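Here is the structure we will look at, set down as structure tokens.
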Amino acid sequence: MTTPFKRIHLIVMDSVGIGEGPDAAAFNDEGSHTLKHTLEGFEQDLPNLQRLGLGNIAPLPVVEEVEQPEAFYTKLSEASVGKDTMTGHWEIMGLNIMQPFKVYPDGFPDELVKEIEDMTGRKVVANRPASGTQIIDEWGEHQMKTGDLIVYTSADPVLQIAAHEDVIPLEELYDICEKVRELTKDPKYLIGRIIARPYVGEPGNFTRTSNRHDYALKPFGRTVMNELKDNNYDVIAIGKINDIYDGEGVTEAIRTKNNMDGMDKLIDVVKHDFTGISFLNLVDFDALYGHRRDKEGYAQAIKDFDERLPELIDNLQEDDLVIITADHGNDPIAPGTDHTREYIPVLLYSPKLKDKAHELSGDTTFSSIGATIADNFDVPLPEYGRSFLSEMNVEK
């Protein structure tokens, strides 16, 4: 069967929101605008995102509106009740998440800590939000002496357990994380991911190893990715996409080290023949800059991404479609360190349609991205969202 686009490459710029969502007040996020606030005072331009039409979606510093953008453009609001990475990504692929994952800005409750201690026979230490390197520097030597579990979290709904590989063998750490995963499926906790964070080294020189393992929840329903896989299309997950969906609907998973490595891996995928989708998450915007409220670093990361777009575009086939979007906001000037409830930008670029691009109606949800992908490959559409193909005047 011939499809309008043989391949769709979906890129999520993690946390790159484009202004407060219609229900931002309910999340205490009035006035949030990740892109605008990140780019204010930035002295470099973003010529490639500009020519695609990013500045046509909303007024932005250093990104001007253009008369004829090369990409179709709009912005979408979130229907689900959370503003975390998993919720945003699951909605992009067609789900509406009505029960929010829980975050723990003050650490995990005593009841859960006691359950973990009773189950493992090991004491829990730390129990607060922290960066992984920081918490290991602080507690690593103690952990080596005692065998305690370093438990910590972040602004995301995650519970991370760090332990020295010479003190708690990997298999035991993995077993502990599997058991904690089962514990935290309880609705009163509902944590999105449990992460094993092994490290090695000596005090003052600890390093985390590549033996990290994520124990996610499976999506709360079938996604567009499941439909694609079941219909023998390729679903190539790049970066943390495989973890976000717990492997559901994925045919190939490719790990990445950072944003630029993610772009390298995507461009390599684009150079090889396949039929279906590639799906890349660029996490640095969120993890390295948004949560840390590093406005300058965030802006430079967007510039670095902008500079990679010509190489990506030059390697596209005529019947490829690239979708650039986000999953939530993370305004670097907002109070605290949490995500912000924002619209997400959507740019849809295809070499065969770049002279015909225009604004798309945006009165719909993140799921319209998944609906567009499903419509293109003629697989069952999600219950939520609306395909943009007809508005793009794409013949099926």
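Keep in mind that glycine also has a Cβ here, set from the backbone N, Cα and C atoms.
The Mn(2+) 1 binding site feature in Swiss-Prot is assigned to D14, D327, H328. Taken from Swiss-Prot, the feature Mn(2+) 2 binding site applies to D286, H291, H339, supported by sequence analysis.
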Residue, out of the binding-site residues H291, H328, whose Cβ gathers the largest set of other Cβ atoms within 10 Å: H328
Any further residue of that chain within 8 Å (Cβ to the Cβ centroid of D14, D327, H328) of the recorded Mn(2+) 1 site: V12, M13, S15, V16, G17, T85, G88, H89, D286, A326, G329, N330, H339, I344
Among D14, D327, H328, which are recorded as binding-site residues, the nearest neighbour of H339 (Mn(2+) 2 binding site) by Cα: H328
Other C-beta atoms that fall within 10 angstroms of the C-beta of D14 (Mn(2+) 1 binding site): 23
Extra residues within 8 Å (Cβ to Cβ centroid of D286, H291, H339), Mn(2+) 2: D14, S15, T85, A155, D156, A287, G290, H328, N330, T337, D338
Rounded Cα separation (Å) that holds between D286 (Mn(2+) 2 binding site) and H328 (Mn(2+) 1 binding site): 10
